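Taking it in order: structure first as structure tokens, then the write-up.
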Amino acid sequence: MTTDVDVVVLGLGPGGETVAAKLAKAGLSVVGIEARLVGGECPYYGCVPSKMMIAAAGTLAQARHVPQLAGAAQVQPDWAPVATRIREEATDDWDDTVAVERLESSGATFVRGTGTITGPGQVEVNGTTYAASRAVVVNTGTEPAIPPIDGLADTPYWTNRDVVQLTELPASLVVIGAGAIGAELAQVMARFGVQVTLLEVADRVLPPEEPEAGAMLQDAFVAEGMKVRTGVSISRVDHADGTFTVSLGDEQITADKLLVSAGRRSNLAGIGLEHMGADPEASTLETDERMRAGDRLWGIGDITGKGAFTHVSMYQADVAVRDILGEDGPWADYRAVARVTFTGPEVASVGLTEAQAREQGLDVRVASGDLGARGWLAKEEGLIKVVASDGVLVGATVVGSAGGEIMGMLATAIHARVPVETLLGMHYAYPTYHRAVESVLHDLD
Ligand SMILES: Cc1cc2nc3c(=O)[nH]c(=O)nc-3n(C[C@H](O)[C@H](O)[C@H](O)COP(=O)(O)OP(=O)(O)OC[C@H]3O[C@@H](n4cnc5c(N)ncnc54)[C@H](O)[C@@H]3O)c2cc1C
Ligand SMILES: NC(=O)c1ccc[n+]([C@@H]2O[C@H](COP(=O)([O-])OP(=O)(O)OC[C@H]3O[C@@H](n4cnc5c(N)ncnc54)[C@H](O)[C@@H]3O)[C@@H](O)[C@H]2O)c1
């Protein structure tokens, strides 16, 4: 059976859901296809439950800061309120009825199932072919990547999808991978009293970020009692009698549970991209500034490789919507992609790192400093680093409890190409955290 529509959206992560709803509201006939839950990884297994966990763990950390500044406080962690909030307030017990109703109320048709592109503009799901006259928008996202470590595949390891569903915590946990997922979840577990060992193959935690940021975060992890091992090579993983054993050559690390957070794999293979002229073997879907990936084909979200973040997926969704509706831009611009790893301290960054700016052959100036008066008042260590070229900022990193918020002004400066001279002429309220930006900018030359 074939049904004619204007647009098919394949995969309804944050971007796909946005595209489907906005195009339907604009009057197009839209079918949205989702194999699992409408909204994708972020609301059910990613950002939302993990940030609920982080808010709870951060509260414990604040209470533990009391002796340094204000006397004594007793802290008795309990996972039950976190598990309940995730179930009842965040995920509706992993039920997307509300999201499906929201989508359908926009006028879109929803189909639950695994869709496959079978020809130009044609997507098949559950035995029906939808023929799109205007666009197929692919937003199929990612799955946890499981590294090819001997023995690992045969063990009952966890991924982020298991950790967010926990009702009880283990006594001990090994975490493989200290990217954003590993760093955030490992610290939550540690703050709730789990004995955590974090293993990272690269020479530092959060390898894509500035080395100074990774070093500061690693120190914070160790100060909170986590074991952190960088530059490791895991030779084997075993599971017997309820215990995981992770072998680093001759050395063995044991724990009750194992979390694999070693990166993500794009859901591109097997979805039939070759029928619309795209490479089905590629790890990312190549898109232009309008998010076009071919004739009548658009791609958005993590699969585009432009930053695996909810806000990037939704930004790209808006670009694709404008293009499909025949509107003018603005088209996609990735100079000032902002990102925050919500650890304690937060690691927030925007634009290029110093190394990336140098690789691009830019005439680079850098400066860094601490959190100034506010950091001293709060007894808080932190870092602000800026990367400038030709009189404007091209990158910045902030490490601190309010790192993501301080980074906001730096993102504006990079996005709008505000000259450093102009930034130096503005007012910075005393004693805010962001006032430290001014001193760092003064050190640029
Ligand atoms: C633990 C964790 C924490 C995170 N925290 C943050 C954060 O704080 N901030 C942030 O910005 N980002 C965060 N992220 C990343 C964020 O979740 C993703 O960038 C975001 O979900 C955007 O993904 P997406 O739009 O590409 O699609 P996804 O959310 O991956 O959704 C894609 C959807 O497509 C469906 N699908 C796949 N193939 C098919 C098919 N053939 N047919 C039908 N449906 C299909 C899938 O079932 C899925 O629901 C986090 C991720 C994780 C795992
Ligand atoms: N706060 C946020 O915005 C947030 C939070 C979580 C995730 N995310 C997004 O999701 C993406 C995926 O996160 P992720 O942490 O899974 O991936 P990642 O690629 O960022 O990190 C994976 C880490 O695992 C390490 N690794 C890989 N194989 C290993 C091995 N065999 N042994 C030891 N270490 C190994 C890698 O070197 C890397 O540092 C992130 O890049 C980010 O874009 C964002």
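Placed from the backbone N, Cα and C atoms, the Cβ positions cover glycine too.
Here is what TrEMBL records for this protein:
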DOMAIN    6-317  domain 'FAD/NAD(P)-binding'
DISULFID  Cys42-Cys47  disulfide bond
BINDING   Lys51, Gly115, Asp302  FAD binding site
BINDING   Gly177, Ala178, Gly179, Ala180, Ile181, Gly182, Ala183, Glu184, Glu200, Gly263  NAD(+) binding site
DOMAIN    337-438  domain 'Pyridine nucleotide-disulphide oxidoreductase dimerisation'
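Structure coloured by features recorded in TrEMBL.
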residue : record              : DSSP class
Cys42   : disulfide bond      : helix
Cys47   : disulfide bond      : helix
Gly115  : FAD binding site    : coil
Gly177  : NAD(+) binding site : coil
Ala183  : NAD(+) binding site : helix
Glu200  : NAD(+) binding site : strand
Asp302  : FAD binding site    : helix
Select, from Cys42, Lys51, Gly179, each of the recorded positions with a Cβ positioned under 6 A from at least one atom of ligand 2; if none does, say none.
Gly179
Would you mind sorting out which binding-site residues among Gly177, Gly179, Ala183, Glu200, Asp302 put a C-beta under 6 angstroms from ligand 1?
Asp302
So which one is it: of the binding-site residues Gly177, Gly179, which has the fewest other Cβ atoms within 10 Å?
Gly179
Other than its own, how many Cβ atoms are within 10 Å of the Cβ belonging to Cys47 (disulfide bond)?
19
Surrounding CB atoms that lie within 10 Å of the CB of Asp302 (FAD binding site), all protein chains:
26
Summarise the model confidence on the domain 'FAD/NAD(P)-binding' (6-317) as a single mean pLDDT, whole number.
98
State, in Å as a whole number, the widest CA to CA span among the FAD-binding residues Lys51, Gly115, Asp302 given in the record.
31
